[in-house]
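Annotated in Swiss-Prot:
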| type | residues | note |
| --- | --- | --- |
| BINDING | 30-33, Lys51, 87-91, Gly415, 479-481, Asp495 | ATP binding site |
Amino acid sequence: MAAKHVLFSTDARQKMLSGVNLLANAVKVTLGPKGRHVVLNKSYGAPTITKDGVSVAKEIELADKFENMGAQMLKQVASKANDEAGDGTTTATVLAQALINEGMKAVAAGMNPMDLKRGIDKAVSAAVEKLHQLAKPCSDTQSITQVGAISANSDHAIGEIIAQAMEKVGRNGVITVEEGQALQNELSVVEGMQFDRGYLSPYFINQPKAGCVELENPYVLLVDKKISHIRELLPILESVAKASRSLLIIAEDVDGDALATLVVNSMRGIIKVAAVKAPGFGEQRKAMLEDIAALTAGRVISEEIGLELEKVTLDDLGSAKKVTINKDNTTIVDGAAEPSALQDRIAQIQHQLEHTTSQYDRDKLQQRIAKLSGGVAVIKIGAATEVEMKEKKDRVDDALHATRAAVEEGIVAGGGVALLKIANELSNLQGDNDDQNVGIRIALRAMEEPLRQIAINAGDEASVIANQVKTGDEHYGYNAATGQFGNMLEMGILDPAKVTRSALQFAASIAGLMITTEAMVSEVDKESAA
């Protein structure tokens, strides 16, 4: 077993604090509309220029192992805030740094770390309650635009495109961000359900100019297995031909004489037919087939439940108004499902979403809900260079998460104003003893720090700005972009309540752990051991 290096009490906390400050000082310069850029060197390619706090935090590894422990713990604050609300990473880092620095001073002065932690927790709980009271619902397009713009570092074009996307696909809709080919941002909305599987043979194409297959009012056959022999399909093909309708076959795979016969029939015009592979793999494929069945009011033909392909009737098939298939995607528009049946399926997936812990599964379930709800919006980012593209994409991702958070828990005055006002209101909060009172004071002072840092980054005097803001009503604040004081909501400077709440809670959580740390253990470096 490798030898270990152990540090205790003040020595341990001092090393940890040094790591915290190194990381926080690099991250906090990005806060606010006049936040500075940080340039990140990559082992390959051009350096990345960013104003995204979590991107900066992720890049930092320190040489000293004890300092690095402090930096990595602070990094957790940024990534947790990012996971919870998708934004507020820099705010969370600034709050945590203020709490840790003041907390360490109090511990060094001989105060009880556990009581300090209790005091901080008490102040944070009271602040979260006040935050919920202050929050105003965010449902109109203008508010969503403003939240998106603020989160994207005051880029109104990004705020507007996100608001348009949310308007088109609804709250449950999936909005994806991709790198575009043009210089301008573009928004495209896919109506109906789309999945990433194209036609199995180009000979199915009936729209040569567009290079796609279009089926009007088709039946939809869903099969949970590979189809290789045409005899399995003959009975249902004859029934569909008699009904003078087209047919879409979605199966695990279609090959051999089954595919050849379908192609020949399609080319001769005997029956309009197209075959595609089912989306997904394994259990995911079965779930997706069930979703398509719910959308088209059909059944999944599976031998697991005793349904055989040769015995399928027209009643087992789903149907849709239109299906478009190109080499990469299949889009089903206006499935024949009853709205109530579709809502039941969505509720079922929603239930799974609430009980899953994996982020990957959450994303997949969210996508399935969106596809059933009838829309996926794609924002294509336009930029002149690759470096600008990466930086812009990060900002759009942040803005997208922030707007979702705003719709979920409402909005409060931005620019650090909400936390400063709450700290002011809680100035008379008392703990059970003097050490707890010190913890409460530390937390309330830390809540002023985001506004102060925004002012510093804008080149203003933080104390003057903070004192001026304290004199006004609950929405009165400072617009660092223009240098003006006024009503933050009217000026369109808004923060999602969820982002502010999660930043404060995660910062307090990590600060509490660090303040109460009494020993640190790390492996001895081989060089120093030698």
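Yeah, the Cβs are placed from backbone N, Cα and C, and that goes for glycine too.
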Residue, out of the binding-site residues Thr30, Thr90, whose Cβ gathers the largest set of other Cβ atoms within 10 Å:
Thr90
What residues, ordered by sequence, lie under 8 A Cβ-to-Cβ from Ala480 (ATP binding site) and sit at least six positions away in the same chain?
Gly32, Pro33, Lys34, Gly415, Ile454, Ala455, Asn457, Ala458, Asp460
Return the count of C-beta atoms lying within 10 angstroms of the C-beta of Asp495 (ATP binding site), excluding that atom itself.
29
Ranking the binding-site residues Gly32, Lys51, Gly88, Gly415 by other Cβ atoms within 10 Å, which is at the bottom?
Lys51
Which three-state DSSP class does Thr90 (ATP binding site) fall into?
helix
